[in-house]
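**Student:** Dumping the structure here so I can ask a few things about it.
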Amino acid sequence: MHFDSATFEDTIPHFNNLHLPHSNVLVYNLSSSIEITQNNTITTSEDPYRNLADKLVYKYICLAIFVIGFIGNLLSVLVFSRPALRRRSCAIYFLALAITDIASLCSSFIDTVLPSFNNVSLTMKWAFICKLNPLLVYFTTDLSNFLLAVASIDRAVSIQCPVKSQYFCRARIAIYIILVMSIVFLLINGHLFWGFEIIDEQSSKFCLASKTKYVYYNEPYSMTYDRFYAIFDSLDMLFAVVIPFIVMLICNIIILIRVITSRRSVTTTASNAGQSKEARKRHDKEKQLTIMLLGSAAAFLVFTLPTEINDTIRAFHPPDVPQTQGPAALVTAIFIAMGQLNHAIHFYIYTLTGRVFRNELIQLFTLSKYSVLRQKTVSSIRQTNADQRLLSLSKKKPNPDDFDA
């Protein structure tokens with residue numbers, strides 16, 4: 001028996017689809033335009049916009065974003081793990097950002113790409129994934145945004161206060177900050193693992209916030225988890241998007257003003273002081289990391305801000321009007337793809353804006369080639385030395401005819 005998607009809100013009257021996660025997880029955004037049978041299979045509706053979103057955006061565009069993003073972030077992990085970069089605090093933040101983006105793309109892959117290919121939603125098939133995936137989505141989104149914000153602070157302090165930055169802009173300090181932020185965000189979002197569950201409604205299953213678990217129980221002022229989740233999601237959008245946005249905006253303005261006003265003075269000072277080659281190289285790497293950060297922050301604003309504006313508008317949408325049917329379904333799908341692109345594009349920004357990143361990337365690919373050549377060279381030298389020793393020994397060997405004489 002197939003569930004009639006047009007009556008989804010009538011079937012589950014207490015489900016409030018106004019409060020949707022800022023990451024636009026498929027099971028929450030698309031639930032009003034799909035049919036879900038008891039065996040967890042998904043059948044799309046006859047809405048042409050909905051079908052276009054499913055067959056084009058989710059199936060192919062999101063898949064392409066996942067592939068290029070996974071490969072790019074994996075290469076970023078390898079590059080920022082190299083000795084030339086991992087000693088710098090900003091590179092440590094970029095390394096953590098690449099790992100976080102891989103996890104975020106994997107969670108989005110489960111929600112958007114897989115259901116469009118096999119018509120099966122894993123979040124509605126296994127309770128563990130239903131609980132884990134919302135936690136992973138919120139955790140990775142929060143951590144990713146704040147990593148960019150902290151990296152912006154790191155660069156701003158390094159440029160504005162170069163002397164005092166030696167105490168803050170250090171790789172070990174960056175590792176401590178990342179660990180603390182990870183623990184904090186796990187504690188903040190940990191309730192999602194407890195509160196989400198697979199709900200059975202008229203022989204159909206949905207992965208939603210629980211309506212039976214109570215966050216606070218004291219009649220008549222009790223609060224179920226689904227009501228708490230609606231409030232939490234609204235606050236989380238303010239906490240995880242607006243705050244990093246303001247921090248990045250302020251820090252990037254400071255960085256740009258400082259770079260523009262001090263370009264000539266820095267050049268003059270460097271030439272007059274006769275800086276060593278090592279000092280100039282270190283200064284150039286710091287400058288390149290700053291440019292890479294500015295590119296990543298710009299991508300965050302371009303790809304995340306429209307998505308959050310869309311979520312805010314939908315949050316005040318009348319509850320009796322379908323939000324994932326007609327043109328709104330296609331617009332939502334495009335914003336979902338943009339949100340995923342924000343987690344997939346950093347490697348390509350680094351490659352375009354950072355010469356030091358490109359150099360390390362080239363060395364990463366040529367490392368094996370150089371290693372083989374070096375081994376061949378060493379073997380050749382050793383063989384030549386051995387031959388020379390044997391030749392010298394043969395020359396020093398006495399002639400038996402001399403003793404006979």
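Every residue gets a Cβ built from N, Cα and C, even glycine.
Note that the structure is predicted; figures quoted are calculated from it, not measured.
What TrEMBL lists as transmembrane segment is 57-80, 92-115, 135-153, 173-194, 237-257, 289-307, 327-349. Here TrEMBL flags 72-350 as domain 'G-protein coupled receptors family 1 profile'.
So where do these features actually land, and what's packed around them?
**Tutor:** If you look at the transmembrane segment (57-80), the same-chain residues 6 or more away from its ends with a CB under 8 A from one of its CBs are 26, 86, 91-92, 94-95, 97-99, 101-102, 105-106, 108-109, 112-113, 115-117, 330, 333-334, 336-337, 340-341, 343-348, 350, 357, 360-361, 364.
The average per-residue pLDDT of the prediction over the domain 'G-protein coupled receptors family 1 profile' (72-350) is 82, rounded to a whole number.
Long-range contacts of the transmembrane segment (92-115) within its own chain (CB-CB distance under 8 A, at least 6 residues past either end) are made by residues 23, 25-27, 42, 58-59, 62-63, 65-66, 69-70, 73-74, 76-77, 80-81, 86, 121-123, 129, 133, 136-137, 140-141, 143-144, 147-148, 150-151, 154, 171, 174-175, 178, 289, 292, 296, 336, 339-340, 343-344, 346-347, 350.
Among residues of the same chain six or more beyond the transmembrane segment (237-257), those with a C-beta under 8 A of the stretch's C-beta atoms are 22, 138, 141-142, 145-146, 148-149, 152-153, 155-156, 159-160, 290, 293-294, 297, 300-301, 304-305, 308, 311-312.
Outside the transmembrane segment (327-349), and at least 6 residues removed from its termini, the chain residues within Cβ reach (under 8 Å) are 23-24, 26, 29-30, 33, 47, 49-50, 52-54, 57-58, 61-62, 65-66, 68-73, 75-76, 94, 97-98, 101, 104-105, 108, 112, 140, 144, 292, 295-296, 299-300, 303-304, 306-307, 310, 314.
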**Student:** I need to check the long-range neighbours of the transmembrane segment (289-307): which residues 6 or more away from its ends have a CB within less than 8 Å of a CB in the stretch?
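**Tutor:** Same-chain contacts beyond the ends: 22, 24, 88, 90-91, 94, 97, 145, 148, 151-152, 155, 158-159, 241, 244-245, 248, 252, 255-256, 259, 335-336, 338-339, 341-342, 345-346, 349-350, 352-354, 356-357.
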